[in-house]
Amino acid sequence: MTTLQPPVAAEPRPAPPPARRDRRSWTGWGFIGPFVAVFALVFLAPIVYSIYLSLFRDQLIGGTTFVGFDNYEQALQDDRFWAALGRVALFLCIQVPIMLGIALLVALALDSGRLYGKSFFRITIFLPYAVPAVVATLMWGFMYGTKYGLVGDFNSAFGWSLPDPLSPDLVLASIGNIVTWEFVGYNMLIFYSALRVIPHSLYEAAEIDGAGQWRVVTAIKLPAIRGALVIATIFSIIGSFQLFNEPNILRPLARNAITTDYTPNFYTYSLSFSGQQHNYSATVAIIMGLITMVVAYLVQLRGMRKGA
Amino acid sequence: MRRRTSRLLGGIALVTSVALGATACGGSDDGSGTEAVSAEDIQAALDKGGTVTVWSWEPTLKTVAADFQKKHPKVKINLVSERSGDKHYTALSNAVSAGKGVPDVAQLEYFSVGQYSLTKGLTDLSAYGADKLASTYTPGPWNAVTEGDQVYGLPMDSGPMALFYNKKIFDKYDVAVPTTWDEYLDAARKLHKADPKVYIANDTGDAGLTTSLLWQAGSRPYKVDGTNVKIDFDDAGAKKYEAVWQKLIDEKLLAPVTGWTDDWYKGLGDGSIATLATGAWMPANFESGVPNASGDWRAAALPAWTEGDKASAENGGSALTVPALAKNKELAYAFVEYANSGDGVATRVSEGAFPATNAELKSTEFLNKEFPYFGGQKANEIFAASAADVADNWSYLPFQAYANSIFNDTVGKAYISGTKLSDGLKSWQDASVKYGEEQGFTVEK
Amino acid sequence: MSTPVTTSVPAAPAEDSGRAKSAPRLRRAKAHRPGRPKRSKLLTALTSLVVLYTVAPLIWLAVNATKTQSGLGDSNGLWFADDFALWDNIHDTFTYHDGVFTRWLLNTLLYVVLGAGGATLLAVLGGYALAKFDFPGKRGIFATVIGAVAVPGTALAVPTFLMFSKMGLTDTPWAVVIPSLVSPFGLYLMWVFATEAIPTELLEAARMDGASEARTFFQVALPLLAPGIVTVLLFTTVATWNNYFLPLIMLKDPEWYPLTLGLSAWNSQAETVGGEVIFNLVITGSLITILPLIAAFLFLQKYWQSGLAAGSVKE
């Protein structure tokens, strides 16, 4: 869903138990050094460079001038930016619960041991994760066609008149569908793995109390995998806020519905690549990064506090 | 307060402007090139040899490059063709910004030449003798690559417009091929009424098509004089266009299929898209993309806005240019000259490219060529006539690539909601004005 | 579809051993639960709906990979066309433009070996350090990593391009490989996994015996981390295999394209004047692109699932 890397894990708030006092030394750097060095080169340096760029303005005519925080002022009053942010927020509020809900239900079904052919389900539902976003979107794009795609085929085969999935009213839902398809198995697997390692003694206790299946789910399973739920939610928030690949690849099929400022990330892309407005693009990206961090942090605080 | 800070940071700003190269100043010394380069200099460079990197997606250049290498064994042409359109311009702008990895020859569509020449990103080829080639080319393309005495590229192909129509469909429903846009509207109604699956054309908003039709209708929305720009879509020509197109949209007579997609190729093949108004380069795409409709289609003159008016317009087409930061300029020019005015032209035309050169457009061999795809029609006669009738005085914005990129954000609204086409054009105008001002142009509305 | 794990034994051996080493505070879960619930046809049917959703597009892809360019235009997308052209399409995919697809496939493999392999190595080393050492700056590292990842990558592309260009890295494989070396998710996973899987006492014992830090890591820690390493390797492989945007910016020369970029170039060939329309090869190429990953997932599933299990148990 994101462009550079797989979604990242949650902040390590419940940090691993501290290592022993006497080993506090620089030895650890010998191990983490290489990671930090490459990370500094490919993440930190461009970010620092972007922050620097965000203080300037360059023009086709007239060159570059220092403008202080003017770009930030402009971005905070930029309707296009806020509209894009609103769109991904809506996406986040609808698509993420649906995706995580399906993933959780499937994970619980798998874990319940009541399915025939469990490993078949586990692997087939996970498969879409292996499909590159480029291929997934091309594929769905072909299928969304109302004339010759799958939608068109259904219409002509059954005499239906399904609405155009790429019309302005539906295109966000269609993008949501692609994202859900790509990541439902991935999230299912995270939940399922968490369920698999719930200490068995808890179930035995529940059995003695005569708790039913549903009670076991709500009282034992869900609280036990709360960490996994929070992690998956945070991945999904970052993914939603950075939504880009899917609308970008789908745009040639729906140019009027998917505008060049459709999502914040798409907006920074257009600013930078169509408009050559690198400075303003960097500004919007930094603001977006800050917003993402704050939201992710709040979700984590809330998720961890609840019932703790 | 800010002023002082800005003076303090002036040095840094200078560094960024070099680093970012939005002004592409890195190579301006070479670019201004007042020093003449003689034919002997070029010949010497050819004898010495070297590698010329060419960024172009024009398929016919493959053969041309091979022929050129045969002729000049010491020269190697490194043709990089996997990128087109936006991705091509992104890569080019990035390379110019970095001042590194810039190709020796770059393809530019006519609408984008102005942007690169204005920012001093291109070599003035008049120093290499390109100014003497004026009479070689038809006026439209030549105007697009020149600015005063400066020549920023050699035209590779051109796109005088024609109306391609599916004869089978027109015959089946007994509808006459329209010669004016009013008749076109009538034909659209008749066809769609006869078979609701048939549309006269597809259109979901295409900046290239709209600007070309405005051009033909006599509208001149862009006036450019250096960094002074005027943008105004409120003229008589634009009114003519809006009147017809608004009806086509309101009455749902245009297929909601976007050009160049899978659906589009299918629609051209199965008769649901009955006409296509576009550049004369289209036949090659018909043959490759719509093989199953061979024999169904024909070409005709573009319908007129007023009966009897012959004015035509260009759609698409591109030039080969030599970036200011190119390393091997003599060789680069030699290749461009070979491909676009020398022997390469004949090779490219024989492979289906549509020329921008007078000699080819007037040759009987060219005019008499029968297109099996068009049922043996001598389509080039229609295209050549259109090329001769292209209306003059058209210019694009020096930031047309950006303006085109936001066309669907603005005018596109007219295709999907109740927004009037004229309001869409107005908001496109406003957004273009805003961008122009942000970029330091003096914009008159 | 057959998988190595059978349904009657929910915990595969590797999964079991992975769990046995996990956190001391967790009591070991037994492989078999008493009074295993009855299988439910209804639940199976409902879950099958989800499978239908995830697999249908892949079937569509496979069906349409059997069609010619004109067959794609003429036939219904739901079923096969009259001509079965799969073998021709595969042949054409590998021979089109002098076999450039093979080159892209090899490039992708190169990026996966260097990028995903390197990313896994760095993540394993880093995760081990975070889990088992206390060192200056440790607290800040992960917070910084998370913060950096929250900044949209598209806007960083141009600054990164300019930097890489100055270093002479653009248009070389390194421009793709170096950014792939950082996998924040991998680091997180290895951190949690190492915390659980390596008893600190074991490390202490090795050190008491006079083993160097490197030796301790390779001989004691590394074997215990194996399931986690496989998991991280698979995830970084997917990320590298599917990498699109950064190569798009960094590479101009098609000689160095990965598959994703090449397929996208083929797809947009239909948008250019005189370009040959090859949607059939795009579809077949897409199918060929995803098969190796699917195969890898199938063959290695018992390893990555156990690694992930230990990773997600942490809160």
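Quick reminder: no glycine exception, Cβ is built from N, Cα and C everywhere.
Here TrEMBL flags A:1-21 as region 'Disordered'.
Marked as compositional bias 'Low complexity' by TrEMBL: A:1-12.
The transmembrane segment feature in TrEMBL is assigned to A:29-52 (among others).
Look at TrEMBL and you will find A:85-299 tagged as domain 'ABC transmembrane type-1'.
What TrEMBL lists as transmembrane segment is A:88-108 (among others).
If you look up TrEMBL, you'll see A:120-143 (among others) marked as transmembrane segment. Note on the transmembrane segment (A:120-143): residues 1, 106, 109-110, 149-151, 174, 177-178, 181-186, 188-189, 192, 245-246, 249-250, 253 of its chain, located 6 or more positions outside it, place their CB under 8 angstroms from a CB of the stretch.
According to TrEMBL, the feature transmembrane segment maps to A:170-192 (among others). Listed by sequence, the residues of this chain that lie at least six past the ends of the transmembrane segment (A:170-192) yet keep a Cβ under 8 A from its Cβ atoms are 1, 87, 90-91, 94-95, 98-100, 102-104, 106-108, 110-111, 122, 125-129, 131, 133, 136-137, 140, 144, 163-164, 225, 228-229, 231-232, 235-236, 239, 243, 246-247, 250, 254, 257-258.
The transmembrane segment annotation in TrEMBL covers A:224-244 (among others).
Residues or ranges marked as transmembrane segment by TrEMBL: A:280-299 (among others).
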Kindly say whether the transmembrane segment (A:29-52) and the transmembrane segment (A:280-299) touch, using the definition of 3 or more Cβ pairs under 8 Å where each pair is 6 or more positions apart.
yes
Residues sitting near the transmembrane segment (A:280-299): Cβ under 8 Å, six or more positions beyond its termini, same chain?
10-11, 47, 50-51, 53-54, 57, 71-72, 74-76, 78, 81, 85, 230, 233-234, 237-238, 241-242, 264-265, 267-269, 271-272
